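For reference, the structure discussed in these notes is given below.
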Amino acid sequence: MGNYKSRPTQTCTDEWKKKVSESYVIIIERLEDDLQVEEKELAELRHIFSSDDAFSKVNLNYRTENGLSLLHLCCICGGNKSHIRTLMLKGLRPSRLTRNGFTALHLAVYKDSAELITSLLHSGADIQQVGYGGLTALHIATIAGHLEVADVLLQHGANVNVQDAVFFTPLHIAAYYGHEQVTRLLLKFGADVNVSGEVGDRPLHLASAKGFFNIAKLLMEEGSKADVNAQDNEDHVPLHFCSRFGHHDIVKYLLQSDIEVQPHVVNIYGDTPLHLACYNGKFEVAKEIIQISGIESLTKENIFSETPFHSACTYGKSIDLVKFLLDQNVISINHQGRDGHTGLHSACYHGHIRLVQFLLDNGADMNLVACDPSRSSGEKDEQTCLMWAYEKGHDPIVTLLKHYKRPQDELPCNEYSQPGGDGSYVSLPSPLGKIKSMTKEKADVLLLRAGLPSHFHLQLSEIEFHEIIGSGSFGKVYKGRCRNKIVAIKRYRANTYCSKSDVDMFCREVSILCRLNHPCVIQFVGACLNDPSQFAIVTQYISGGSLFSLLHEQKRILDLQSKLIIAVDVAKGMEYLHNLTQPIIHRDLNSHNILLCEDGHAVVADFGESRFLQSLDEDNMTKQPGIPSTHRPKSKFIVWKPPALPNLAQGPSVTSSPTVSSLKSPTP
C-alpha cells in the first residue's frame, strides 16, 4: 500500500510523454533552423537556381555554416528536379547530413515538395535513411502532416511501420498530432495499429489521450482492429487516458461499442478509469462511466487507499462531482480507506475549503483518524483531518474545523476545542502556513510595486506628519502635507497575525484605491511601498470629518436637504463602485466611513475591508465559520449591519441588492 501523502501528481508515463513531446518540438526547431538562410545568401542562391549559366559555374563544394550542401540548398531555395539530377551526377551525396542531422530528402519532405522528392528518389536517395532522432522521411512527412508527400514516399516503398528513436511509427505520430487524413493513408498502406512505443503505448493510447475522436474510430474499425484493452508499461488502457483528460466522446464510443472494453480495469497504481476522471474533475466522463458500466469502480481502492470518491475530494474543485458520487449510495461520506483516511482528509490535505465546508454540512465526521503507513512497525500515528490541514499550512481550514458547528448545534461538533483535543495544541499560524503567508506577502508587494503607476509612488521623506486624527488595529491616521497638498496619511504596521496580515490588507487597499476616480469617493494621492516598516497610504483630506462625528460627537441636527445631499452622494459613490468593470464591494459602509466636505457633500472613504467582487466568496468562507454553505445567501453585495442585529460576530451579511441597510449611525 502506498502512502497517500506521497502520491505523485505525475506518473512515469507522464514524464516520458513530456520528454517525447519536447523531443519532437526540438526536431521541428532543428528542421526550421536548417531552412533559415541569410537574406543575402538566399538571394544569391535563388539567382543560381534560376539561371543555367550561374548554375553551371557554381562551386560544388559550397557549404553553409549549418553544413548544408548545394543538394540541401536546392531543396529549400527554389531548385528543380534537373538541378537535383545534375548535382547527384556530379557526385554530391544525398546521404550527407546537415549539422542538425537531416538529409536533402528530409528537407524536401519538410518543405512539402513532391517533385523534388521524386527526383531525389529516382536519383538514388535512400528512402529509409534516418536522421536526427531516428527519423525517416516518412516520419517527417507525418509530423508535418503533408499528405501528398507521405503518399509519394509510400508509393516508393517507404516502410510504413518503421520506428524512430522513441519507437514511434508514423502511425503513432499521426495519432499524436491529430493528422486524420495521414492516418487514413497509413492504414491503407498496412500500418500496424498495435505496435508498441517505448513505454508500451499504442497509437490508440495517444489518440485517446489527445482527444482525436475520428482517429480513435479509424484505429478501432473492422479493418484495423486496434486492441482496445492493450496496456502500456503502467497498465493504462486507452480508456484510462480519455477518462483522465475528459474526452467524453471517446469514452462514450469505447463503452457503448461492441468491442468488449473492460471499464473497471486498473493500472499499476490501482486506478480505474473512473479514478482518473475523478482525480481530474471530469464530471461528465465520470457520469458516463457509471451510467453505462455500473458502480463496480466506486468501491475499488487504489494503492493510496482512495476510492473514486476520495479521488474527487483530492481534486476538490467540483462539488457537483462529489455530490453525484455520494448520490449513488454506494460509498458513505465517511468511508475510510485502508489507511483510515476519508474524503474529508483528502480535501483538507489539498486545501479545498469549499469542499471541506460542503462535506461538513453533509455529515462528514471530522474526528475520524487516518494512520501514517510511513511510520516504523509498532508505532501508531493516528491523524485527524485537522492535522492533515495543519501539516500542509491550510490555516483557514484549520480555523473552520476548530470552530465548525452544524445549524442544530449550540457548540462546535468536534473535539478540537476541548482540552486535550487536537485544537488545544494547534496554534496558528502553522509553520508552513506562516511561510506561505510571508511568501505571498512578498509576491503581493512586488506585484503592487510593478503595477502601480509611477505617479502614485511616494517616498516617506515627501510626507510631513502633523496631528493624529484617527487610529485602528492597522495603525494610525495622520493629517499632513504631501506634494503641496493637505492630505490624510494612513500609516500601517507590518505585523502578521494568523492568516491575515496588515501587509495583505495594505496591498489590497492600495490596489483598490488606485483604480478609483469619482467625486463621491475618496481621492487617492499615493502610497509608500519601499519597505513594510514604511507602508503608508495617502488620500485627500476631508475637512468636515465623519458623519459619525457630526451626529454623535457634535450632536448636530441635519435638515432634510442636508440629509438628502449626503444620501445621494453616498448612493452615487456606491453605484460607481458596483458598476466598475471590476466591481468593488466596500463591506464596511457606516457613518465612520462617510466623510463630509465643507459644502455639505459626502464622500465614501476607508477601503480597508473592501474586496474585488471575484474574491468575495473565498473571503466569506473564512469569515463565517460554522455557517453551512447551503444556508449562506448567494449574492454579490455586502451591507453593514448595526450592532442591534444578531450574528454580527459571524461576519458581514450578504444581500441581493447594493443597498445600505441603515442610514442611521450606530450609537457610540
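Placement of Cβ uses the backbone N, Cα and C atoms for every residue, glycine included.
Segment annotation: TrEMBL labels region 'Disordered' over residues 646-668 (candidates 324-346, 646-668). The secondary structure of Lys490 (ATP binding site), as reduced to three states from DSSP, is extended strand.
For Lys490 (ATP binding site), the count of additional Cβ atoms within 10 Å of its Cβ stands at 22 [all protein chains shown]. Outside the repeat 'ANK' (199-231), and at least 6 residues removed from its termini, the chain residues within Cβ reach (under 8 Å) are 12-13, 16-17, 169, 171-172, 174-176, 178, 180, 183-184, 187, 193, 237-239, 241-242, 244-245, 247, 249-250, 253-254, 257, 259-262, 265, 267.
DSSP assignment over the repeat 'ANK' (169-198) gives 17 helix, 0 strand, 13 coil.
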